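Listed in Swiss-Prot:
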COMPBIAS  253-263  compositional bias 'Basic and acidic residues'
CROSSLNK  LYS115  ubiquitin cross-link
CROSSLNK  LYS208  ubiquitin cross-link
CARBOHYD  SER110  O-linked glycosylation site
MOD_RES   MET1  N-acetylmethionine
MOD_RES   SER110  phosphoserine
MOD_RES   SER177  phosphoserine
REGION    232-263  region 'Disordered'
Amino acid sequence: MFRNQYDNDVTVWSPQGRIHQIEYAMEAVKQGSATVGLKSKTHAVLVALKRAQSELAAHQKKILHVDNHIGISIAGLTADARLLCNFMRQECLDSRFVFDRPLPVSRLVSLIGSKTQIPTQRYGRRPYGVGLLIAGYDDMGPHVFQTCPSANYFDCRAMSIGARSQSARTYLERHMSEFMQCNLDELVKHGLRALRETLPAEQDLTTKNVSIGIVGKDLEFTIYDDDDVSPFLDGLEERPQRKAQPSQAADEPAEKADEPMEH
């Protein structure tokens, strides 16, 4: 992307009716590591790919606990996600103290949409550079919502965001009809297979780089990390080998894809 006279502030429209600062924020989501969300009739599942800043650093948390019935996975700027997560936790606490009931998932997503819309309209502010997948369970059943830096939000049956997420969305679209009838183990496996599609051919899912969040009927939101992920990965079949492109010469190394930013 190249700078132009219409991207100096979020309040400036281009002649084509675009707000470039918002588009730049949405590009930040595409640079974050991939995450997948999907649901059945009884459960909602989040599966996220964790990334370490360096070999000396621990892997960043990609799935965050909001309330007993809600959790989120993030792609983009972690600092922005932490701020939004704290806001969501406060709203859930307010609902429990004031109304003595858990906050409905759709209501919480609406509040997030209102909060993220404010920086897109005021001078001197910038949009939040993070996308969220929100999984929850309430009286209406399981939910998976996607939020964007543009303040749009969508109710989804399955969704993936982050780097190389198009490959995961292709898998989800291909198996969409199976999700509603799946039990919990099968649903998690579908999420892991979709997430695996975002990885380069030489990499695979491990207990170190995968995090899983599950919520559902009679099951509070639970995050599985490290060794807790092993039972789910053990039941996953080996990754099929991708065929080499016929047009690529055997003696020429494959071009290295652009590495996404560390988010």
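Glycine too: its Cβ is placed from the backbone N, Cα and C atoms.
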Between LYS115 (ubiquitin cross-link) and LYS208 (ubiquitin cross-link), what C-alpha distance do you get in Å? 33
Rounded to an integer, what is the Cα-Cα distance in Å between LYS208 (ubiquitin cross-link) and SER110 (O-linked glycosylation site)? 34
If you count the other CB atoms within 10 A of the CB of SER177 (phosphoserine), including all protein chains displayed, you should get 8
Indicate whether LYS208 (ubiquitin cross-link) is helix, strand or coil by DSSP. coil
Other CB atoms within 10 A, centred on LYS115 (ubiquitin cross-link): 17
Using all protein chains in view, find how many other C-beta atoms are within 10 Å of the C-beta of SER110 (O-linked glycosylation site). 13
